[in-house]
Amino acid sequence: MKTQPYKQDTGKLAYKVGVTLDRFIKSKQQDFPFATGELSQILRDIALASKIVSREISRAGLSDVTGSFGQTNIQGEEQQKLDVVANVRFTRALTKGGEVCAVVSEEEDLVIDLQNSKGKYVVAIDPLDGSSNIDVNVSIGTIFSIYRRKTPTGSPIQEQDVLQKGSEQVAAGYVLYGSSTMLVYSTGNGANGFTYERSLGEFFLSHPQMQMPADGGIYTINEGLTPYINPNILSYLEGCKRKGASARYIGSLVADFHRNLLKGGIYLYPATSQAPNGKIRLMYEANALAFIAEQVGGAASDGTKRILDIVPENLHQRTPIYIGSKNMVSGLEKALSV
Ligand code: FBP
């Protein structure tokens, strides 16, 4: 039978739309000879839930999902309605996806056992980060970490399955609900960013192999904390200012981290006299962003060591965090070691 090769190029008529997240995940799966597609499925589940949450956020002012939910979480923080919506959406998607056995969430006191005897993975998630910005239409995000369980599938979930060091993450990432919705993730081979094309319901590769500048002109800290923090940090910040650095603070960790990743900068949430371990949670905020930071050539420290080397002791523990451009983080560590 006579056949003809497929002619790709149709000029501007059908411009290329780019690589979808799904195709990208599939293409990268080949990097892992023993890959079984389970991790890929979890990434798809997270992408699906983030599309739904992005829709809920974008129409929040028109539907009854703004304001307080009227309950507090284990950290004594007032839960926002959208916190709860996002928590349900991600947990449901991970349950339906069938590859996860347990979820650690900022909105849940204890580990959620998904009663999934074949689930090999544990997910730690901050369903909606930047709560103080939810109702004021400022960028917020989702942060996730993926670990392989340590104990045999089907056996009861043990502490060792959940309280794993950040260096044991098999994948991590975040979703930024900003002027556009973006998903950035890594499976340990660099980090890639995808932008959500709402009209097609697809994430498309927009930021391949992201790189963070080794130095930057931005420092990001809640200046209101300065009376209560280590004076060495203040002199470090003075040094940054003298080098011409500018202050930028959105108050949403994901948004502040993402900007500094693209432009170069450092985010600092130190220990304070009131909060000796700072504010940021290790398991579902710091570890994932530290994983991404290192994958894009940046660094993340608690002031003395890599965030990824911290051995977790409890689900909701906090850690001081200094994350961003490599040379700025090492400069901070030097300032703190004086
Ligand atoms: P949650 O909103 O998930 O609790 O996260 C913590 C957070 O909102 C970060 O996103 C942000 O960087 C920081 O706290 C802001 O803290 P503060 O209001 O003390 O500056």
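Sequential numbering from 1, following the chain as shown.
Yeah, the Cβs are placed from backbone N, Cα and C, and that goes for glycine too.
Remember, it's a predicted structure, so these values are computed and weren't measured experimentally.
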Of the candidates Asn222, Asn230, Asn232, the one that TrEMBL places in the substrate site of Asp129, Gly130, Ser131, Ser132, Tyr249, Tyr267, Leu268, Tyr269, Lys279: Asn222
According to TrEMBL, which candidate in Glu285, Glu294, Glu313, Glu333 joins Asp126, Asp129 at the Mg(2+) 2 site: Glu285
Given that TrEMBL assigns Asp126, Leu128 to the Mg(2+) 1 site, pick the one from Glu99, Glu106, Glu159 that the record assigns to that site as well. Glu106
Would you report the average pLDDT that the model assigns to the domain 'Fructose-1-6-bisphosphatase class I N-terminal' (20-208)? 93
Among Ser131, Asn222, all listed as binding-site residues, which has the most CB atoms within 10 Å of its CB? Ser131
Report, as a single number, how many Cβ atoms besides its own are within 10 Å of the Cβ of Glu106 (Mg(2+) 1 binding site). 26
Near Glu285 (Mg(2+) 2 binding site), which residues of its own chain have a C-beta under 8 A away, given they sit six or more steps off in sequence? Glu106, Asp126, Asp129, Ile143, Leu253
Checking proximity to ligand 1 here: which binding-site residues out of Asp126, Asp129, Ser131, Tyr267 have their Cβ closer than 6 Å to it? Asp126, Asp129, Ser131
To see if you understand the setup: which same-chain residues, six or more apart in sequence, place their Cβ under 8 Å from that of Leu128 (Mg(2+) 1 binding site)? Val53, Gln80, Leu82, Asp83, Ala86, Asn87, Ile134, Ile140, Gly141, Thr142
For the domain 'Fructose-1-6-bisphosphatase class 1 C-terminal' (212-336), the DSSP residue counts stand at 57 helix, 19 strand, 49 coil
